[in-house]
Amino acid sequence: MSKPIVMERGVKYRDADKMALIPVKNVATEREALLRKPEWMKIKLPADSTRIQGIKAAMRKNGLHSVCEEASCPNLAECFNHGTATFMILGAICTRRCPFCDVAHGRPVAPDANEPQKLAQTIADMALRYVVITSVDRDDLRDGGAQHFADCITAIREKSPSIKIETLVPDFRGRMDRALEILTATPPDVFNHNLENVPRLYRQVRPGADYNWSLKLLERFKEAHPEIPTKSGLMVGLGETNAEIIEVMRDLRAHGVTMLTLGQYLQPSRHHLPVQRYVSPDEFEEMKAEAMAMGFTHAACGPFVRSSYHADLQAKGEEVK
């Protein structure tokens, strides 16, 4: 019997070490078992990486993190090259260990009290007009990090009064009342929380999360601020069916969600959940049509769509795929 991993505070656990801690064990995928990527999943990298390196340097200088880098997003080059990034607050170590996600797991250090000001100054220096703020899960904090979100929103608006802010929040498991009291008092311009996948696969895909809890979080924020768009996203290719995805879309509409993102799951490493299927662009278009027929005000559906991919265009209602 192998010895349990003793986690040291502030140490990042990734890949095999992270997967060893999940309740539903995942067998590492052998190379010959990997699904071959279809042509539509090929990414063309930009010829000039000057802007990309500039954003990375600004992040390092101010001790900030982007979910683009920490989660190995396939759109990093495109977004950084256009001068956009999704900032990840509350550190780069998550208290959850979802087997689809490349963000490190572990025992995080205390939040940086200066992060809101550093974040606000960086955003002002970059002259951003739309920003997405997300975070790792912080189950170690009494409010799940909600006050830190609020402090960041306040600091950003002080330095950039005309900016639009989208928050992509965790589920605040076990502390929804406390978190919503804080978040509804300092609301963003778009409130986003991802369901990620279908309820049948939740124990496998999102261990520690609850499908109905996440729906309730979205619903309760919408009840407090009916004028603010609520948004959620799902990955496809983890073993779900298109019919199950459409059923989740119905659940989201029933809970007041008005914006949707659907994108292809990509396996970060052989230790993560394997890709079960690649969904074609035509299928994404069909699901988008279903979403719009249900009453979503905007639906971004496509192989490379991620929750914050061209989030500014999504908020304006422009087509993203």
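Using the three backbone atoms N, Cα and C, a Cβ is placed for every residue, glycine included.
Quick look at what Swiss-Prot annotates:
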type	residues	note
BINDING	CYS68, CYS73, CYS79, SER308	[4Fe-4S] cluster 1 binding site
BINDING	CYS94, CYS98, CYS101	[4Fe-4S] cluster 2 binding site
DOMAIN	80-297	domain 'Radical SAM core'
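Structure coloured by features recorded in Swiss-Prot.
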{"residue": "CYS94", "record": "[4Fe-4S] cluster 2 binding site", "DSSP class": "strand"}
{"residue": "CYS101", "record": "[4Fe-4S] cluster 2 binding site", "DSSP class": "coil"}
{"residue": "SER308", "record": "[4Fe-4S] cluster 1 binding site", "DSSP class": "coil"}
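Annotated pair CYS94 ([4Fe-4S] cluster 2 binding site) and SER308 ([4Fe-4S] cluster 1 binding site), C-alpha to C-alpha distance, rounded: 19 Å. Apart from the site residues CYS94, CYS98, CYS101, the chain places the Cβ of ARG96, ARG97, PHE100, ASP102, VAL103, HIS105, VAL136, ASP137 no farther than 8 Å from the centroid of the site's Cβ atoms, the recorded [4Fe-4S] cluster 2 location. Predicted-model confidence for the domain 'Radical SAM core' (80-297) is 94, expressed as mean pLDDT.
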